Amino acid sequence: MELRKSQVAMPVFLAIMSLMVSQVVFAEKDSGSMSPHDRALAEMQALKASLVRRNLPALVSPPPTPPQAVPGPRVYQVISYGADPTGKLDSTDAILKAMEEAFDGPNHGVLMQGINDLGGARIDLQGGSYLISRPLRFPSAGAGNLLISGGTLRASNDFPVDRYLIELKDESSKLQYIFEYITLRDLLIDCNYRGGAIAVINSLRTSIDNCYITRFGDTNGILVKSGHETYIRNSFLGQHITAGGDRGERSFSGTAINLMGNDNAVTDTVIFSARIGVMVSGQANLLSGVHCYNKATGFGGTGIYLRLPGLTQNRIVNSYLDYTGIVAEDPVQLQISGTFFLGDAFILLKSIAGYIRGVSIVDNMFSGSGHGVQIVQLDQRNTAFDDVGQVVVDRNSVNGMVEKSTVARGSVDGNGTSWTVDFNPVLLFPDLINHVQYTLVASEAGVFPLHALRNVSDNRVVVETNAPVTGTVYVTVNQGV
């Protein structure tokens, strides 16, 4: 468009200049022989020409301004660094080079102290499948706001068995946190039964989203150690690729997710094969929407293992334990609610030093095979739970299993002076009743016997009257108050 304007303006310019020259020449040539009237007319034409000459630049379009160069998005495509998307050749060096250039790219300030904001740089695996022979790591600590996504990583046959394909770690760093806001998304990581998939060490606000992690060795699929706020969501993890009922289930090993830090979350995630689904040894973690059918309890598997005796402070909500259960050591401040336990899956409270306080196991569903498996069990082989407080096991829906609770209600009919209600089949803890309420209803009109609570030992409540009476005793007991 600018070129066409220039082409149109140029003839106009030449015509005007020609007219102006002819008018001026004519005026100078004949001014001596002109009449006063003609001379005045010529002077007016000369004035008009000068005005046109003054405004002439406005009639001619200036040449177009060359477009300014716009920086392209900082997407580091690994194929351009020599990575082989077919998975036939080792792509480790090429991907490490892309990670190095992303790390050294322009920054947009800092996040936490010592961590450069890389402005949302992306390392794009371009939908390829890449053979990896050693861990993928950044050159050093100090990177943040970066995404790695969109492809498959497969461990080579000589990948170190004690390492992880992606490692966010730097043993030499003195920073409080070494990485921040690193996102791993849309990845399939095949560990080839060598090492693990992802290690997040002392990092802050890390996201692992929509990842499929499989064939990890007798180690961890994902390891989170120290740091804060690693969020694992919408992901699938399994040592062996199966959909349940696998003939080799007895031999499943390894741990799918190992949380050795605080303030992390695992949400909407499936764990389909491993000896332990989720191991937790840090406080203030949240597990929500987690489906574990990693290895049946009868084969030695555990869905979720809480190994932090004395200060648990974790929540398991709205999850699904499928033929595998939960183990908690000396739990203090633990919530398990809204969770479905299928196939005789149960909760085991394991005594290490005898502490259990602030535990809430409520509003869950348990479904079993009718073989007499208790929904909540105690392991007191090390020592008995002798420090019990604020424990509530109640309002659980039970089908085909034995209900256990810290709150129980019972009644007994009789004709005499003593009524005994045995709560051992229901109460969770042996020989522990902290609170009792009872009501005696006499069947005979006009009878007002004296009555009293005489004994609550061995989880049995005994009520006696001063005279024989026909009636019913209703009792409510609580172990957790």
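Please read every residue number as a count from 1 along the shown chain.
Even glycines carry a Cβ here, placed using N, Cα and C.
What Swiss-Prot records for this protein:
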- ASN415: N-linked glycosylation site (CARBOHYD)
- ASN455: N-linked glycosylation site (CARBOHYD)
- 203-226: repeat 'PbH1 1' (REPEAT)
- 261-282: repeat 'PbH1 2' (REPEAT)
- 356-377: repeat 'PbH1 3' (REPEAT)
- 1-27: signal peptide (SIGNAL)
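On a Cα basis, ASN455 (N-linked glycosylation site) lies 19 Å away from ASN415 (N-linked glycosylation site). This prediction places the mean pLDDT of the repeat 'PbH1 3' (356-377) at 98. Counting residues per DSSP class in helix, strand and coil order gives 0 helix, 13 strand, 9 coil for the repeat 'PbH1 3' (356-377). Helix, strand and coil counts from DSSP across the repeat 'PbH1 2' (261-282) read 0 helix, 16 strand, 6 coil. The repeat 'PbH1 1' (203-226): residue composition by secondary structure is 0 helix, 17 strand, 7 coil, according to DSSP. When other Cβ atoms within 10 Å of the Cβ of ASN455 (N-linked glycosylation site) are tallied across all protein chains shown, the result is 12.
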